[in-house]
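Written out below as structure tokens is the structure these notes cover.
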Amino acid sequence: VLFLSLPLLLNPFQMIGQVFMVVDVPHHCDTSWIRAVGPNLTEEEQLNLTLPRDADGAYEQCSMYSPVDRDLGSIMAYGLNSTEKCSNGWVYPSAQPPSLLTEFDLVCDRKDLNDISQSIYMLGLLLGAMIFGPLSDRIGRRPIFLISILLQGLFGVGIAFVPHFYVYMAFRCVVGASVSGILITTLALATEWVGVSSRPKAVLISHCFVAIGQMLLAGLSYGIRNWRLLEIAGSAPIFAFFFYIRVLPESARWLVTKGRIEEAKKVLQKAASVNKRTIPPGLLEQVRLSFACSDSLAFCILKLKPETQTKSGSTLDLFRKKHLQKVTSIMSCAWFADSLVYYGLSLNVTSFGLDIYLTQLAFGAVELPARFCCIFLLQWFGRKKTQAVLLLLSGLMCLVITGIPEDQPVVTTVLAIIGKFTATASFSTSYVYSAELFPTVVRQTGVGLCSMSARVAGIMAPLIRLLGQYHRAIPMAIFGSAPVVGGLLCVLLPETRGTDLADNTGADAPQLSRSLEILSKRDTTEDGVDLEKDV
């Protein structure tokens, strides 16, 4: 779990780091054309002659007086009247470190490219879910995890050297796909290597590293204002994890479902060795998948029968089976709502009226208790109630924000932080809940499909922000409505607290496996082997 969690420290940088690379700065049109007729003009005189003023008396940032073929005396005497959009670029404060905004002129008519590029990154997350979800079910969790780390490192560092903004967006798309691959394989490996009661802990502890990464992002972006250096600082450390090639194990559960029994035995024997336990030879010879996991056992027991092989699942199974249809549809809606409100709040960090670095630090700090609290909420109240209530609360916070006046930034920020807390907890709950609802043979495919739904919401979130130019309340109203609907739908899902993971897509897949209860409650032997004692 520690190995799986460490790369997640860098994920917030890839997801939200761009917000700090496009911080708005004063700018105006480049009007150096007048220097040809007035080389001795001061800067203030140049601006006064060539830039119109807005209603507040400040210089317009996106328009200028049209250049004319007249001498300086005539211009000063009669002034300039016709205006046009900036045709020669923009001028920024000379002391401003290079940023995405200043280097690629993401202002005025090009301002929307900022949100569009965020949507392109989210498109990468969607493509990653589509590609890496099924692939990890087909070729394994471990190779996809390692490939994703490699891609994130290569293209993340590559972004720091791009010459054009469109190349930047293309590289961001690939980084997004790799981040998606890391997230969904982390979920699978974390849930498939631990027992029933430890599943939420394993997933949510790994998510706590995302929260820590959020806080690190605030400090990193505050200390490094040059966007290219910031990109390198946030991407290069991923290369430190290449030693995982030697130490990260494949999922024994996945190996068994693929009929690779001998490989499964080897990784289980290694687990037993690390835990200073021994596996009776007779137990490993019996084996076929039931994978009963007991909290009192040192690791998961595989009851395997070589003559029977679990049938591989496919995406179509999610829609053929009635119980999986319902699970897939509702969980996809829940993930969509989670993502929409989570990114809607995260990407609006510059719009709440307070210092963006302190706001980001608060957003990161609140994620840590949100993810940690999930461990207890899921055990005390179950998955279904927790998921539904958290979604409803996150939506309500956004809806309340729409009614707060603009001159109340503190109130708005506090409500946004509460919304971020509940949205984060809801997102973490969705990861655990989905992993328990989908059977092993289609778990990655199912989670990948839900992740695709979340990525569609992620693509939409930056574009929805553009609606704020018509009315500032429209984006928050949309961000708040979706989780309210998703929370109500979650009431229709089955509860999975205390159940064993299902392995096949049969009609009994969502039901509680009794093998765990039998193993954990009685001190019996099977074929003469005392399971509790020996394992």
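Placed from the backbone N, Cα and C atoms, the Cβ positions cover glycine too.
Quick look at what TrEMBL lists:
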- 74-498: domain 'Major facilitator superfamily (MFS) profile' (DOMAIN)
- 1-17: signal peptide (SIGNAL)
- 119-136: transmembrane segment (TRANSMEM)
- 143-163: transmembrane segment (TRANSMEM)
- 169-190: transmembrane segment (TRANSMEM)
- 202-224: transmembrane segment (TRANSMEM)
- 230-248: transmembrane segment (TRANSMEM)
- 327-345: transmembrane segment (TRANSMEM)
- 357-381: transmembrane segment (TRANSMEM)
- 388-404: transmembrane segment (TRANSMEM)
- 410-433: transmembrane segment (TRANSMEM)
- 445-467: transmembrane segment (TRANSMEM)
- 473-493: transmembrane segment (TRANSMEM)
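Sequence-distant contacts of the transmembrane segment (230-248) (same chain, at least 6 residues past either end, Cβ-Cβ under 8 Å): 3, 6-7, 10, 13-14, 17, 20-21, 142, 145-146, 149-150, 152-153, 156-157, 159-160, 175, 189, 217, 220-221, 224.
Panel annotation: around the transmembrane segment (388-404), residues 334, 337-338, 341, 344-345, 381, 411-412, 415-416, 418-419, 422-423, 425-426, 429, 473, 476-477, 479-484, 486-488, 490-491 of the same chain, lying at least six beyond its termini, place a Cβ under 8 Å from a Cβ of the stretch. Here the transmembrane segment (410-433) does not touch the transmembrane segment (143-163). Their Cβ atoms form fewer than 3 pairs under 8 Å, with each pair 6 or more residues apart. Note on the transmembrane segment (169-190): residues 1, 4-5, 7-8, 11, 14-15, 18, 116-117, 120-129, 131-133, 136, 141-142, 144-145, 147-152, 155-156, 158-159, 162, 199, 202-203, 206, 235, 248, 251, 254, 431, 434-435, 443-444, 447-448, 451, 455 of its chain, located 6 or more positions outside it, place their CB under 8 angstroms from a CB of the stretch. For the transmembrane segment (143-163), same-chain residues at least 6 beyond its ends with a Cβ under 8 Å from one of its own Cβ atoms are 4, 7, 10, 14, 128, 132, 135-136, 171-172, 174-175, 177-182, 185-186, 189, 228-229, 231-232, 234-236, 238-239, 241-242, 244-245, 248. Note on the domain 'Major facilitator superfamily (MFS) profile' (74-498): mean pLDDT across this stretch is 82.
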